[in-house]
Structures are given as C-alpha cells and as structure tokens.
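Here's the structure we're looking at; comments come further down.
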Amino acid sequence: MGFRDICYRKHHKKLKQFQKVEIKVKMDCEGCERRVRKSVEGMKGVSKVTVDPKQSKLTVEGFVQPSKVVHRVMHRTGKKAELWPYVPYEVVPHPYAPGAYDKKAPPGYVRNALADPLVAPLARASSFEVKYTSAFSDDNPNACTIM
C-alpha cells in the first residue's frame, strides 16, 4: 500500500446481501396499506413487497439494509415503524422473561425478549436488598432482636 493508494483511495461500498426485512407498521385502512407499499416499492434493490394488514406487517425482500427500509417507511408515510419484534412461540426458551407476553402480538407469536432492549431482563436482587432481607430473618443469629 503506497502513497498513491492512500491519496486516491476510493470508498468501496460493502456489497449488500439479499435478505428479508420484516417491519411492524400500524395500518388501519386500505389507503394506509397502499401508502406503505408504495413507500418502499421504489427503493433501489427491492425485489418483492408483501403487506399483511391483519398483523400490521410489511415484508420487503431484496438487496436492502433494514435500517434504511425502516427510515424510508417512517419518512414517507409519517407512521411509526420498527423491525418485527416478534418470534414464533416455539422459538423462545423457557422460562419466558417478563414482558415477553405482549397483548398486541399476533396469535402464535411472542415478543423476542432476547433481542429487545426495551423488555426488562429477569429481576435480580441487589446486594443491599439481600442484606436488608437477611437482617430481619429468623434464621440469622445476628438479626435484629427488637422485632
């Protein structure tokens, strides 16, 4: 790598992979459905667009980046859009984390608690909480005797 390569280096774009992007967008009517479909049909690299209004789900297949598709849907339609946060019921490991059961989830799906940072992980007691709970225990000989 010489001086010439450093000075005249062109930024090579990373090749995009063919992928299937699933997005959750609330659609109330056929007009919303059409607007969501039209917002991504014109994107470069899109080969197939599928809209499922019952599940509020938009599926885009092609050589696209998921973040750019979500941004385009939000910008063109003015609707809140996010990557599909649900996974099939059989895929989630047991025991289920709190927040995995989402009432808005389609039948047969639960929220992907492992990939979703908004869902709280299992609650753990901090060191202070452990000290306070053991301080008033009957099993502890050094516990408070006033109570």
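Every residue, even glycine, has its Cβ placed from backbone N, Cα and C.
Model, not experiment: these values are computed from the prediction.
In Swiss-Prot this protein carries:
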type    : residues     : note
BINDING : Cys29, Cys32 : metal cation binding site
DOMAIN  : 18-82        : domain 'HMA'
LIPID   : Cys144       : S-farnesyl cysteine
MOD_RES : Cys144       : cysteine methyl ester
Secondary structure of Cys32 (metal cation binding site) (DSSP, helix/strand/coil): helix
The domain 'HMA' (18-82), counted residue by residue under DSSP: helix, strand, coil: 24 helix, 22 strand, 19 coil
